[in-house]
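S.K.: Got a structure for you, written out below as structure tokens; questions coming shortly.
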């Protein structure tokens, strides 16, 4: 709220028509903070949170591998390379949704907070000036390519999102891997929400260009309602992965640092590498906190755990097969 | 009381890996097997042990408890689902915490892979792929009554002892009728047929 008041120069640049959007972003901030706090309070997430930040902010690590953090943030969070390993089609569809949503957020959030303003360059027109926090960034003409992009950025975002969401909706009705265990509220509602936001957004432009503004007011309310509900829903469903995903960067840094230092843990029975020693120690602490009494088992590889259980069955339950 | 579930009888397992092949064919995780067949007495006997997810009930799904991303869901029917690909960050905590050695992690996909009792099939009343193809009945899917009708005189165990700790599961092990108490979990180290494990 402080950012809205300061960024809009004491609400001077704040557009009262966008109040519901701005209010939804404030509710979103509260929701995300609440969900994030309850999430990182759990034993496993709390330890990962501490270890991840400790590794990321360690001066020694920053000196030893200065590019590790930006590289991971770009490849993992930006281009989501790991999704390409799952399926190329999934990667493309997710990239469309990701960049579409990011573009929409970068345009709408500052706009509804009153950070961006567009003012006429001169009384004669037809130029515009774009201002951030009241400071002039650049000027453009409405009929230039830049002007067109400025006014249709959200349409472009909607097209990207519709492409990606269309693929995921198709997947959710056809692919057994996706269909197994899917839930309407968790898996379908987010896709339907993104689709509704995008389609109603595009319809606003359609109304303006083809219908001379016909139905604009109704569409504007429908669009606003869909955006507001989506933002409020964000922390409590599938969309929360947007907030959770960066934890993977912390985890990767934590493990990569241990690997660089040669801190691998070998299986107590067969000697094969199990994981990095700090990761296993971290897991054992979590298991002890959860009162899972076999944390020493984490020092054996999964295969040895199975073989030992099979051996115990042979030895103590059903002797045979000699 | 056990409903329809999987019963594992290592005494019947001939180690043919048909279950592994069938699991790999399953539509919900094409190309990767979620079942493991191990030979605990390799070189000395033909003993083999198939391992699927045991669907822990008490403590409820340790893999889910240690998951930092809240990615593993336990459904109302007690099935511990494979990790939600949206949330799983591939940290491997579930791999380390599972006392049965079930989950795997694909580091490239940053994704956990685990048996979910063929949920696409079992939720529709079908048997899991592994039980469908098992030629020796080492993997039996059905109710306890159906099992004991076919195999009178066997006992069924859903408790595993890991040292002092006992884990109850939704998937059962078949044991000789004379067996009492939990099935040993194998940790700490034990002997196999008189030889060190």
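Counting begins at 1 with the first residue displayed.
The backbone N, Cα and C atoms fix where each Cβ goes, and this holds for glycine too.
Annotations in TrEMBL come from automatic prediction, not curation.
From TrEMBL, for reference:
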{"type": "DOMAIN", "residues": "B:4-34", "note": "domain '4Fe-4S ferredoxin-type'"}
{"type": "DOMAIN", "residues": "B:78-108", "note": "domain '4Fe-4S ferredoxin-type'"}
S.K.: Write out how many residues of the domain '4Fe-4S ferredoxin-type' (B:4-34) are helix, how many strand and how many coil, based on DSSP.
M.R.: 14 helix, 4 strand, 13 coil
S.K.: Reported in the order helix, strand, coil, what are the DSSP residue counts of the domain '4Fe-4S ferredoxin-type' (B:78-108)?
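M.R.: Final tally across the stretch: 5 helix, 4 strand, 22 coil.
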S.K.: Give, as a single whole number between 0 and 100, the mean pLDDT over the domain '4Fe-4S ferredoxin-type' (B:78-108).
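M.R.: That stretch averages a pLDDT of 94.
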